[in-house]
Structure formats: structure tokens, C-alpha cells
Amino acid sequence: MLSFLGRRALYMIPTVFLISVVSFAIIQLPPGDYLTALVTRLEAQGETVDQTQLEGLRSRYGLGEAFHVQYWKWISGIVADLDFGQSFEWNRPVADLLADRLPLTIALAGATVLFTWLMAFPIGIYSAVKQYSVGDYVATTLGFLGLAMPNFLLALLLMWIAFSTFGLSVGRPNPVTFAIAIGVLGTAGTAGLIRILRANLLDELRKPYVVAARAQGLPERRLLVKYPLRVAMNPFFSTVGWLLPSLVGGEVIVATVINLNTVGPLLLSALQSQDMYLAGSIILILSVLTVIGTLISDVALAWLDPRVRLRTGR
Amino acid sequence: MTQPTPEPGATVAAEPRATSVAPPRKLLWWRFRKHRLAMAGLVVTGLFCFVAVFADFLAPYDSGHFNADYTYAPPQALKVVDTSGDGWDWGLYVNGYLSERDPDTLEQTFTVDESTRIPVRLFARGPSYELFGLFETDIHLIGPADPDGQPMYLLGADRLGRDLVSRIVHGTRVSMSVGLVGVAVAFVLGIVLGGVSGYVGGRTDTVIQRMVEFFMSLPTLPLWLGLAAAIPRDWGPLTRYFAITVVLSFVAWTGLAREVRGRFLSLREEDFVTAALLDGVGRAGIIFRHILPSLTSHLIATLTLSIPAMILAETALSFLGLGLQPPVVSWGVLLQEAQQIRVISSAPWLLLPGLAVVSVVLALNFLGDGLRDAADPYRR
Amino acid sequence: MTSQTNDARVAAPTGLEVGESVVLAIDDLRTHFRTEQGVVRAVDGVSLTVPRGKTVCVVGESGCGKSVTARSVLGLVDPPGRIEAGHIWWRPDPGTAPLDLAGLDPRGEPIRNIRGNQIGMVFQEPMASLSPMYTIGNQLTQAIRLHVNLSAKEARERAIAQLVRVGIPQPERRFDAYPFQLSGGMCQRAMIAIALACDPALLIADEPTTALDVTTQARILDLIRELQDETGMAVMFITHDLGVVAEMADEVVVMYLGTVVERGTVTDIFERPRHPYTQALLESVPAIGRGDRARLRTIAGMVPHPDDRPTGCPFHTRCRSAMPGLCDVTPPAAHDLGDGRVAACHLLDPDLPPSPTPAVAPVAIEITEPDHAVPPDPQIGDQPLLSVRQLRMHFPVTKGMFGRVAGHVRAVDDVDLDIHPGETLGLVGESGCGKTTLGRCIARALDPTGGQIHYQDPAGGRPVDLARLTNTQLHPYRREIRVIFQDPFGSLNPRKTLLQIIAEPLRNRWSGRADSAIEDQVAEMLRRVGLRPEYMRRYPHAFSGGERQRVNIARALITNPRLVIADEAVSALDVSVRAQILNLLRDLQDEYRLTYLFISHDLSVVEHLCDRVAVMYLGKIVEQTDTGALYAGPRHPYTEALLSAVPRPDPRLRDTGARIRLGDDLPDPADPPPGCPFHTRCPHRRLTRCDTEAPRLQDVTAGHAASCHYAGELALAGAAHTRGEHGA
Ligand code: SF4
Ligand code: SF4
């Protein structure tokens with residue numbers, strides 16, 4: 001088990017490295033560099049630019065040098081003292097901006113995953129056990145709808161309803177908008193999980209070991225919980241992996257409708273104004289979090305599923 | 001030599017049932033036909049494709065046609081018979097508007113005026129267009145009988161007084177094609193890399209697999225956003241359109257590559273492929289005559305199932321202003337108009353393009369599921 | 001469903017009595033599956049009784065409803081299946097009244113108290129029947145605590161005792177093992193431990209050894225018998241293997257298409273079968289040790305699909321004694337022949353006027369022997385057609401992210417083999433011994449990692465080493481060496497017509513078209529293998545397993561090959577169809593002067609068909625000689641063990657002959673034991689050399705090679721000697 005963990009952790013290193021390269025490439029993609037953009041902007045506002053300060057920045061970021069030199073300066077800054085660069089849009093260090101917003105983002109993520117599990121688990125089981133019942137059809141149809149509905153559309157609809165029927169104020173964040181955000185963000189995930197859980201469970205229910213356990217005289221409910229369900233639950237743990245990024249992705253979109261103080265809107269505005277240090281850093285952090293999430297879900301899987309744990313351990 | 005004695009009865013197969021002589025394609029169709037939802041999906045998808053192809057003809061106006069006098073005009077009901085006068089007066093028409101400007105807010109409000117009547121006809125004349133780039137015509141399926149008279153807004157108008165029907169119809173073309181083209185690009189990448197990986201195996205396989213895994217470990221949406229945002233603002237609409245499509249497929253190919261590789265691997269182990277090898281069939285023959293034909297139905301199903309994701313992604317990107325830009329019209333671009341709750345509460349019909357998105361995505365999902373079940377009745 | 005009051009003795013309409021000596025009595029059971037295509041009557045009027053403490057074997061070909069019958073007893077039929085009618089009288093204790101299990105709610109409490117407690121059940125796939133997520137111990141203690149009120153600790157003790165009882169070594173360790181860490185045989189022992197955890201009065205075993213190797217099968221059968229002696233439980237044993245029936249049964253129930261055609265004691269059934277189907281079935285099995293190489297009698301046609309069952313007697317489409325106007329109209333009643341024998345056939349109807357056909361006419365097709373009883377001594381020339389030298393096929397075992405090679409599985413390891421023109425060489429061994437890999441190397445479906453395969457073109461010329469040729473160079477030889485595959489379903493491309501499949505090797509490589517001459521050739525070939533030429537444009541899905549195997553044969557023979565490698569070619573087939581295919585292979589060999597390499601795990605079939613036999617173990621050939629010599633006097637302990645493990649379809653041989661039971665399971669082929677590879681399991685192992693020095697394959701007598709240090713000294717028992725004691 002330990003060696004499994006160690007190996008999995010080692011595998012992360014090349015992935016994280018590649019991710020940082022891609023993120024940096026995204027930073028570099030728009031034509032022109034950040035300083036030129038800054039200068040034009042400052043000059044447009046009629047401010048003068050201090051040439052020595054400019055030179056200092058230029059060498060600080062290695063601007064005008066080869067890609068790998070710039071990359072090195074960027075990444076070593078991040079690794080050494082969490083210096084993600086400067087957001088020229090906000091005129092603040094990227095790290096500070098993120099520190100402001102990450103806690104709420106993570107709270108939202110946690111709430112959403114809880115919501116998703118609480119919804120998907122009972123519905124998925126019901127749907128599989130009572131296959132082809134009315135409830136199954138309703139759940140399946142709703143599941144399809146949840147997958148087909150773009151989440152901003154759902155957000156718009158819910159907000160519109162809240163606004164027009166309850167006179168909700170849309171301007172500033174409040175608990176109701178937070179709740180709506182959770183609902184909207186969790187819908188697609190819930191629908192997906194219900195589908196996967198149902199399909200997995202149906203598969204497992206047909207396995208010979210279920211008949212064998214029944215032949216021992218195990219009551220149906222205990223049988224269901226102890227055997228097929230445990231296998232069918234695997235997707236719940238893989239959700240942890242893709243949860244945060246997909247959430248922030250969804251949040252970006254939802255935030256245009258619902259005002260939230262999270263990372264999503266920050267990313268969006270950074271992208272819209274091509275504030276690439278900010279955008280690239282967010283993408284980097286999200287990707288690294290994804291990798292860590294995948295690691296966690298893999299470990300959880302290995303811990304729960306002896307087949308994974310013992311076979312790969314050999 | 002002795003006559004080999006064919007065992008009597010060895011050949012007494014029961015009279016051929018229809019299924020026993022049918023080629024696999026037909027069996028697939030028979031199985032598919034049994035899924036009612038999938039059939040409905042097929043019909044709806046077909047309808048949308050039809051709309052996309054004949055958009056110019058079906059839409060009363062072209063997508064940019066505006067009229068500032070009709071900002072946020074509400075939908076008009078299409079009526080067939082006029083009973084307001086004495087007796088029944090047959091003929092298509094819509095009621096006109098009464099417009100009023102609020103003296104305080106300067107906001108314009110419309111009410112449908114039951115007394116005015118704008119005659120409407122089928123095959124009406126309107127703005128001219130080129131059908132398939134071949135011949136020019138100005139016939140539209142439906143439109144106001146008098147092209148220079150009052151306009152008609154069956155689903156209402158937007159901020160600039162543009163007809164929503166026309167815009168949705170034109171948007172269908174763009175949104176559907178983004179899905180199809182994107183999937184086509186992803187498909188080429190996926191099938192080439194996945195196929196190579198699955199058939200060649202060994203080192204090549206390992207390298208490609210690691211690559212796929214890497215791409216899959218990246219968070220999709222932020223990556224999409226980042227790449228889309230990096231597209232220069234000054235690119236023309238068409239270049240932008242293709243850039244967006246490439247960005248979308250760039251992320252989607254990995255799943256396809258995995259699927260193709262998995263299928264290739266399992267098919268390569270099948271006895272009938274070994275048999276073909278022993279029959280002296282060359283490598284190309286094995287791939288193209290034995291492995292690929294067995295893959296096609298699954299591939300079609302998988303492709304069908306990945307189009308909706310593309311459409312949804314395009315819609316989301318455009319909604320955020322990072323995807324397609326006006327004057328190109330896609331459903332996402334249209335929904336951008338509906339970003340503000342205040343706007344929606346006064347003009348809820350602006351959400352209608354969302355309905356188009358939901359129905360086409362649902363239809364494609366049902367269609368794809370049905371195809372997959374039909375292609376492989378024993379797997380889920 | 002019925003809710004009759006349970007009298008002490010219930011007489012059913014068929015005269016079935018649930019006496020005190022009977023533990024289970026099934027009366028006119030009907031279990032049907034309502035599908036979209038219509039009602040499939042999987043079990044359609046089955047009656048049988050299981051006497052207390054006895055073993056009843058239910059035997060039949062696939063699709064005859066034997067498994068569904070077994071599952072019906074415990075209410076385990078999956079939807080859309082349902083018990084439509086009939087009774088299942090259960091009387092675990094002579095002192096109580098029988099209970100009708102068919103009347104119980106399959107999800108209810110009463111049946112649950114019977115399952116696992118009064119009736120235990122084991123299944124065909126031991127590995128799949130245990131949940132991979134829990135340890136053996138967990139699943140076993142659960143089974144115990146379900147029905148017995150014990151603390152966790154007591155249950156654990158009892159579970160370990162139970163593991164000891166079923167012969168699992170190191171039970172304390174195995175208690176915490178997961179099923180996938182154990183071999184199939186171990187898993188089946190664990191399953192038996194679970195099924196018997198509460199000392200049931202009846203054990204239902206549904207093909208418990210079908211998925212296992214013959215040596216493992218023998219030990220599992222022994223185990224079931226021992227446990228039965230110990231506890232006095234009754235056993236209902238479902239199998240398709242007549243050899244197993246002869247070994248296990250006290251009474252036999254023969255099923256065909258959802259009905260019981262005959263039942264009686266094992267000696268009656270095997271020695272005096274009365275029903276035409278039983279007779280035919282018995283005659284179509286080659287028995288090991290008889291040295292019998294005559295053509296097999298076969299049953300015409302194949303088992304119809306249960307959803308289009310013939311009217312009248314279900315067997316009439318294949319029965320040679322069928323009486324038109326009667327058999328195809330009226331289903332025969334079950335006639336009581338005394339002594340508990342029942343058979344359902346009009347011929348046995350005492351009221352029927354004696355017909356011109358003798359009352360018990362043999363149904364099997366007459367042996368239309370080709371000109372010779374035994375094939376004429378094929379011209380076994382001095383020059384082998386194929387000679388394999390030091391052939392190796394090592395598969396790398398990769399580890400880690402970038403596929404580092406961590407070791408090798410030596411699937412084929414230094415194999416020498418000669419195949420002479422016109423002969424049939426059998427290749428036998430347990431699964432995983434490398435026999436299939438060897439066959440595929442010779443056919444060059446795989447690229448061997450070392451050694452030579454010399455092929456001598458009979459037309460003369462110098463031998464070529466096939467192992468070294470590239471794919472393009474191999475092209476002409478691909479027509480000379482052909483393969484018949486095992487799986488009749490996976491080996492035919494479902495998207496091609498028979499014509500396309502069979503003609504594939506004839507296609508011109510460049511034009512890729514099939515012209516009319518090719519079509520004629522395919523038509524002729526189809527006729528030769530006993531299929532109608534008109535079928536040529538149909539797709540494989542229209543055919544049954546046996547027919548597909550004929551197509552496979554046609555595809556192999558269309559190029560007029562010299563050597564045909566038949567890889568488990570009849571293993572997937574039912575008994576009656578298997579006999580047809582074996583006869584066909586024999587006929588075609590004579591007609592086309594073929595040489596066969598016949599790969600099989602089934603020693604009786606190999607004895608029936610082959611001139612010489614090579615035995616493989618862990619990638620090496622351990623013994624090789626003429627069939628007669630091998631079966632009469634094996635020279636390698638492994639061969640001896642294999643032979644003694646094969647169940648014989650003759651109940652009189654049950655307690656005779658040497659019983660050699662191999663311990664432990666096959667060692668890991670990536671890490672073969674040092675010295676003699678067989679020493680971990682060899683009963684004759686000696687401490688001096690066996691675990692240090694590897695024996696070489698050497699001639700013991702002329703033409704009889706074995707790789708054992710003591711091949712010359714050991715007195716090993718063959719399969720044939722029992723025959724001398726018993727006569728025929
Ligand atoms: S009833 Fe007729 S068809 Fe059936 S087994 Fe007897 S003789 Fe044959
Ligand atoms: S060499 Fe020794 S261990 Fe090997 S088979 Fe002979 S007696 Fe047994």
C-alpha cells in the first residue's frame with residue numbers, strides 16, 4: 001500500500017511539470033507581452049512610466065528572453081516564494097488575489113459535492129433496483145435534462161424565478177444566491193452520477209456473486225448494500241478528482257449570472273481582459289489541484305477496492 | 001476415396017427466419033427501431049439538420065436585420081382566422097403593436113394591438129439570399145405579405161429589434177456545424193492516434209497513452225477558456241470560428257482516442273482477426289477490412305454522443321463572450337443577450353435559444369444511446 | 001400460487017410420492033421466461049426426487065433447463081423467469097411435513113431461512129461467485145452468522161474449521177485472502193465451505209467443476225463425496241459430463257429441452273438405457289482407456305432452441321425411432337418401468353401396439369464406416385512434415401509507467417516436437433501449460449522468441465525455418481498450415497458472409513475480389529463439411545455452435561493445407577455435436593490426407609482421435625509417445641496423474657484403479673520452480689535430484705520420451721489397465 005502511494009505520488013511529478021509548461025504557454029499566447037500592455041495602459045491614462053522601474057520588471061520576468069528562460073524565472077518564483085506574478089488588471093500580486101477568494105471557493109466546492117452525493121446516491125440506487133418503474137423513468141428523464149441543460153441557463157432560470165416571484169435582489173451575494181449556485185453547479189454532476197451509478201449497479205446486480213449471496217439466504221437489502229453497491233460506488237470517489245476544476249469551470253459561467261466572490265469570476269475577468277499572469281496562475285493552480293484530487297480519489301479507490309490495492313502492489 | 005458421409009440432419013436448419021439471412025446492418029436497424037426514444041431523437045436531430053441546411057429559406061429575415069423601433073417587442077401569435085369583424089375571415093395574420101414610452105424611465109413598452117392586422121403569407125418575399133450559393137432568390141417560407149410594411153416577430157425581438165425566429169434559425173446552422181466540425185476534427189485525431197496506439201502497441205502505445213492521460217488530467221473548462229481567451233481579438237469571424245472549433249476538439253479527442261484504442265485492443269485479440277492474419281491478409285487489410293468495419297457502429301454511437309458536449313461547450317464559451325463573436329450568430333451568442341436578470345424579466349423570450357440547445361442535446365443523447373445499445377446489445 | 005396444506009405424504013398426479021426417504025421432490029415443475037420474443041419454456045414439466053443422503057445427477061446438453069431447474073428450487077430464477085406451475089416438495093426432516101418451495105415468495109423470509117441453511121448451493125464459476133471486495137473469511141462468517149447465532153469470534157473459529165474441512169491449506173492465512181488471490185480450485189473449495197457452513201440437508205451443485213482443470217475437478221469431486229459421507233447430506237449435481245455422472249451419481253435424471261426423458265439408478269441408466277436419447281448420448285462419448293478409435297455414433301442435428309420447441313415428443317426431430325403421426329403430435333407420457341425407473345417415450349408405452357421397429361431401437365446413427373475400421377497406417381515417413389526445435393515463446397511482464405520489463409512468462413520453453421505427414425498428434429495439458437501458445441507459434445500467429453520451426457514441403461525441396469520468415473515470406477506457407485479455432489463465435493467475423501469468410505485466403509491479394517470459380521470452390525467445401533451451399537450468403541449469426549465449427553473447418557481446409565492445427569476445436573460443443581465434428585475431422589483427414597496437430601485438454605477425445613500424444617507442463621513437453629503406449633503405460637508422473645483424474649463414463653470403474661490426486665495448483669509460469677518443474681506437485685518426487693536438477697526429455701524406450709529422472713524405474717498406472725480387470 002505504501003509503495004503504491006509512493007509510486008502514485010512520483011507519477012504526479014512529470015504531469016505537474018507538463019501542466020506548468022502548458023499554463024505558461026497560455027500566458028505567453030496572446031501577442032505582445034505584459035509590460036508593453038501595462039505601459040500602453042498607463043500611458044493611455046496619462047501617467048509617465050519610470051524607465052528604471054520598467055527595466056527592473058523586464059529583467060525580473062526575463063521578458064524578451066527565450067521561452068525556457070522566462071519559464072524558469074516564472075516557475076522558480078512560484079516554487080520559491082509563491083510569487084505568481086502581478087495582475088495588471090487589479091494591480092496586485094496574483095497570490096494575494098487568490099488568497100482572498102480561495103476559501104469561499106473551497107467552501108462552495110465542499111457544499112456542492114455534498115449536495116451531489118446526497119442527491120445522486122439514493123436516486124441512483126432506487127433507479128437501478130426498481131428498474132423500469134415509474135420512479136426510474138422520472139429519475140432518468142430528469143437526469144437527461146440535467147445533463148442537457150447548460151448550467152448558466154439553469155442559473156438564469158432559477159435566478160429569474162427567484163427574482164420575479166420572490167423579489168430577490170441579484171446585485172450582491174447572499175445565502176439564497178449561494179444556495180442557487182450550489183444547486184446549479186451540482187445538477188450536471190448529480191445527473192451524471194445517477195446515470196453512472198444506475199448503470200454500474202445494474203451491471204453488478206447481474207453478476208454471479210449476487211445470485212450466490214442470495215443462495216446463502218442473505219436478505220435483499222443487506223445483499224444490495226454489502227455487495228453490488230460497494231462496487232458500484234466507485235464513481236463517487238472519482239468525483240473528488242474532477243470536482244474542483246469542473247466546479248470552477250462551471251462557476252465561471254454561473255458567476256456571470258450569480259454574483260459570487262470566488263475564483264471563477266476572477267478567472268473570467270482575467271481572460272476577458274487578457275490579464276494572462278492571473279489567468280495562467282489560476283489555470284495552473286486548478287490543474288495541480290485536479291492532479292491532487294485524482295491522486296486522492298485513486299488512493300480512496302485502492303483503499304476501498306482490494307483488487308486495485310493488491311494487484312498493483314505486486 | 002470414400003465419400004465423406006455428411007451426417008444426415010446436420011444441415012436441417014429450420015426454415016430461415018428473417019433474422020437469419022439479414023445482414024448485420026439490418027439487424028442493427030431492427031434493434032435500433034425498438035428504442036422509441038432513440039427514434040424520436042433521430043427525428044428531432046433530422047429536423048435540426050434540415051433547419052440548419054435551409055436556414056435562409058426558413059427564416060423570415062436574415063440574421064442581422066434590425067429595426068430600432070421594435071426594441072424588445074414581445075412575440076406575436078400567428079392567427080389563422082379573424083373573428084373580430086363580422087363572420088370568419090380566413091387568412092394568416094399577426095396583430096400589430098401599440099408602443100408607449102414611459103415618460104420617467106424612457107423605457108419603451110409594447111402591447112399587442114388586437115385591432116391592427118398585419119397580413120402574413122407563406123412563400124413571402126423578403127431579403128434576397130443565395131440558396132446553396134447557387135441561385136439567388138428572395139422567397140422565404142413565411143413572412144409579412146408586404147415586405148416593406150410592418151415587421152413580424154413571432155418569437156419577439158431583441159435589444160436591436162431583430163427577429164428572434166430568424167436569429168435562432170440562423171444560429172442553428174452555426175451551432176450544429178460547430179458540433180459536427182469539432183467532432184470531425186476530434187475524430188480524426190482520436191481515431192488516428194487511438195488506432196495507431198491500439199494496433200501497433202508497445203512503446204508507441206505507451207507514449208500515446210501517457211499523452212492521452214496527461215490531457216485527460218487537465219481540467220477541461222479552464223483549459224478551454226484559457227485557449228479561447230488566447231485567440232486574438234482581431235481575427236475575422238471565420239478564422240475565429242475555426243479556431244474555436246479546434247480548441248473544442250483539442251480537448252475532446254482524448255476520450256475518443258481512448259475508446260478507439262480500447263476497442264482496437266480487444267478486437268485485435270479476437271480470434272477472427274487472428275484468423276484473418278492466418279488467411280494471409282496483410283496489415284492494411286486486417287485494419288480496413290476486419291477491424292474498422294467492426295468498429296464503425298460503436299464509433300458512430302460515440303461520435304453522436306460527443307456532439308452534444310461540443311454544442312454545450314460552444315454555447316458556454318460564446319455566452320461568456322470568449323467564443324464566437326457577433327455578427328456571427330450562434331445559440332450561445334444569442335443567449336449572451338440574456339445575461340442580465342433584469343433583461344430576462346422584461347423580455348423572457350430571449351431565453352428561447354436555450355430551448356433549442358436543450359432539445360438538440362437531448363435528441364442527440366437519445367440517438368447516441370439508442371445507437372450504442374443497438375450496436376452492442378450485450379454491453380452497456 | 002398454491003398454498004396447499006401439507007400432508008405427511010403427498011401423492012402427486014404423476015404418482016410422485018414424497019415419502020420419508022425423500023428429501024426433495026419436484027413435481028411437474030414449469031419455469032418459463034416471458035421475453036419480448038415470446039415465452040421460453042425453459043423448464044416444462046420436470047418431475048424428479050432426491051432421496052435422503054443420495055446423489056442425484058441431472059444431466060443434459062446446454063439449454064436443456066437443468067440449471068433453471070436447480071435455481072427454481074431455491075427461488076433464484078432471475079426475472080423475467082418465473083415458476084408458472086408445479087410443486088417443489090422439501091422435507092429436510094422425515095418427522096415434519098413437506099413444504100412446497102414453489103409456493104414461497106422468492107423474496108420472502110421463509111425461503112431465505114432455507115437458503116444456505118437447509119439447502120446449500122455451489123455454482124459453475126467459483127471466482128465470479130465470490131465477491132471480489134471481501135475476504136474469504138468475511139463471506140464465510142457472514143454465511144454462518146446468517147443462520148446460526150454466534151459471536152464474531154465463535155463464527156471465525158467455526159469458519160476456520162470449515163476451511164480445514166474443505167481441505168484448504170493454511171486456513172488462517174486464507175481466511176484473510178481475497179478470492180482473486182486464490183486459484184479456481186481453492187475458490188470452489190471456499191464456495192463449498194460457504195454452502196455447507198450450516199450443515200444443509202441438501203447440496204445443489206450446478207456444474208461445479210466445469211470451469212476447472214481435470215486434476216482439480218477430480219479433487220473437488222472427491223471432496224464432495226467425502227463431505228457427503230461425513231454429513232449424510234443429499235446432493236443434486238448438475239452436469240453435462242457423463243464421466244462425472246458415472247463417478248458421482250446414485251441416481252440419474254436425463255433432461256432434454258426442459259423435460260425429463262429418463263431417470264433411474266446410475267447402473268440402469270449406463271447399462272440399460274431405455275430412452276432413445278439416453279442411448280444415443282451414451283454412445284456418442286468416447287471413453288478413456290478403451291483404446292477405441294472407431295467412428296463415434298452421433299445424434300443427428302442439434303438441440304433446438306428452447307423458444308422453438310418441436311411439438312409432440314421434444315426429441316422427435318432427432319430421433320431415429322420416431323413414429324410419424326404419433327411422436328410429432330402427442331408428447332409421450334412418463335412411463336414407470338419399475339424400480340424407480342421412468343422414461344418418457346412412446347416406444348415404452350405398454351398399450352401401444354408393437355411397432356415394426358424393435359421396442360428399444362438404437363437411435364444413434366449407424367456407423368457408416370469408411371472402407372477401413374482404423375485408418376490405414378498413414379505413410380509416416382522418416383521425414384517429419386514439421387519439426388520444432390528449442391522453440392521458445394517468452395512474454396515480457398511489464399511494470400511501471402513506461403513498461404519496464406520485469407520478467408518473462410515462459411509460455412513455451414525449449415520445446416522439441418516432430419509431426420509426421422498423415423498423423424494426428426495430440427497435445428494435452430492443463431490450462432496455462434502453453435499448449436495454445438505453442439500451436440499459435442507453429443501457425444505463426446505469434447512471433448516466437450527463439451528456436452526453429454522446420455517445415456518440409458512434401459513436394460520436395462529444402463526445409464524452411466518458419467520461425468524466421470517475415471509476414472510476407474510466410475504467405476505461401478499460410479496456405480499449407482491452417483488453424484481451426486476453439487471459439488465458434490469469436491472466430492467468425494460477424495460482419496462477413498460465409499462466402500467471404502471461407503474465401504478469404506483465396507482472394508487475390510491485390511484485386512481482392514471473389515470470382516465465380518472461388519464461389520464454386522466454397523460451395524463444394526461447404527458440402528464437404530455438411531452444410532448446404534445455399535448458406536454461403538448468410539452471416540454467422542444464423543448458425544449454431546456446431547454449424548459454425550463446420551464453417552471454421554471449411555475455412556481451414558479451403559486452401560488444401562498439409563497441416564491443420566485444431567486448437568480445442570470441439571471443447572465448446574455439446575456432446576452430441578462434438579461427436580459429429582470428431583467424425584467429420586476423421587473423414588476429412590482421410591479424404592485430404594491431412595496431418596493434424598490436435599490441441600485439447602480432454603484426454604478421452606485425444607485418445608479417440610490421435611496417433612501420438614505429447615503432454616505439456618509449464619511450457620515444456622514432459623512426455624511424448626504413441627497414444628496406445630501413453631494411455632497404457634505412462635512414463636511421467638504428471639501423465640499418470642492426468643489419466644487417473646479423468647472421469648470415466650462407466651459407473652463400474654468408479655472405485656477401481658489408482659487414484660492420484662495432484663496437490664497445489666500450477667506454479668506461476670513467470671517464476672517456474674527450480675529443478676524438475678513438476679516437483680512441487682509430484683507424488684513420486686525424491687529428495688535427491690528432483691528439486692535441484694532439471695530432467696531432460698529423453699527416450700525411455702524407443703519412441704517413448706519422458707522428462708523425469710526416474711522415468712525408467714517408476715511403475716506408473718495407465719488408463720487402460722482397468723479395462724483388463726473389468727472386461728467390456
Ligand atoms: S417418443 Fe418417439 S420421438 Fe420421442 S424418443 Fe420416443 S420414439 Fe423417439
Ligand atoms: S523428476 Fe522427480 S519431480 Fe520430476 S516428475 Fe520425475 S519424479 Fe517427479
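Start at 1 and count along the chain as shown; that gives each residue its number.
Glycine residues also receive a Cβ, built from the backbone N, Cα and C atoms like all the rest.
Annotation source TrEMBL lists transmembrane segment at B:37-59 (among others).
Positions annotated as domain 'ABC transmembrane type-1' by TrEMBL: B:172-368.
Positions annotated as transmembrane segment by TrEMBL: B:174-200 (among others). Note on the transmembrane segment (B:174-200): residues 48-49, 52, 208-209, 211-212, 241-242, 244-246, 248-250, 252-265, 268, 287, 291, 299, 303, 306-308, 310-311, 314-315, 324, 328-332, 356-357, 360 of its chain, located 6 or more positions outside it, place their CB under 8 angstroms from a CB of the stretch.
Within the same chain, residues 193, 240, 243-244, 247-248, 250-251, 254-255, 257-258, 313, 316-317, 320, 322-323 sit at least 6 positions outside the transmembrane segment (B:212-232) and bring their C-beta atoms closer than 8 Å to a C-beta of that stretch. According to TrEMBL, the feature transmembrane segment maps to B:212-232 (among others).
The transmembrane segment annotation in TrEMBL covers B:238-256 (among others).
According to TrEMBL, the transmembrane segment annotation covers B:291-311 (among others).
Sequence-distant contacts of the transmembrane segment (B:347-367) (same chain, six or more residues past either end, CB-CB distance under 8 Å): 35, 37-38, 40-42, 44-45, 48, 72, 74-75, 155-156, 158, 164, 167-168, 171-172, 175-176, 304-305, 307-308, 311-312, 315, 331, 334-335, 337-338. TrEMBL lists B:347-367 (among others) with the feature transmembrane segment.
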Looking only at residues six or more beyond either end of the transmembrane segment (B:291-311), which have a C-beta under 8 A from one in the stretch? 28, 175-176, 178-180, 182-183, 186-187, 191, 199, 248-249, 252, 255-256, 259-260, 263-264, 267-268, 273, 331, 357, 360-361, 364-365, 367-369, 371-372, 374-376
Within-chain partners of the transmembrane segment (B:37-59) [C-beta distance under 8 Å, separation at least 6 from its ends]: 129-131, 139-141, 163, 165-166, 169-170, 172-173, 176-177, 356, 359-360, 362-371, 373-374
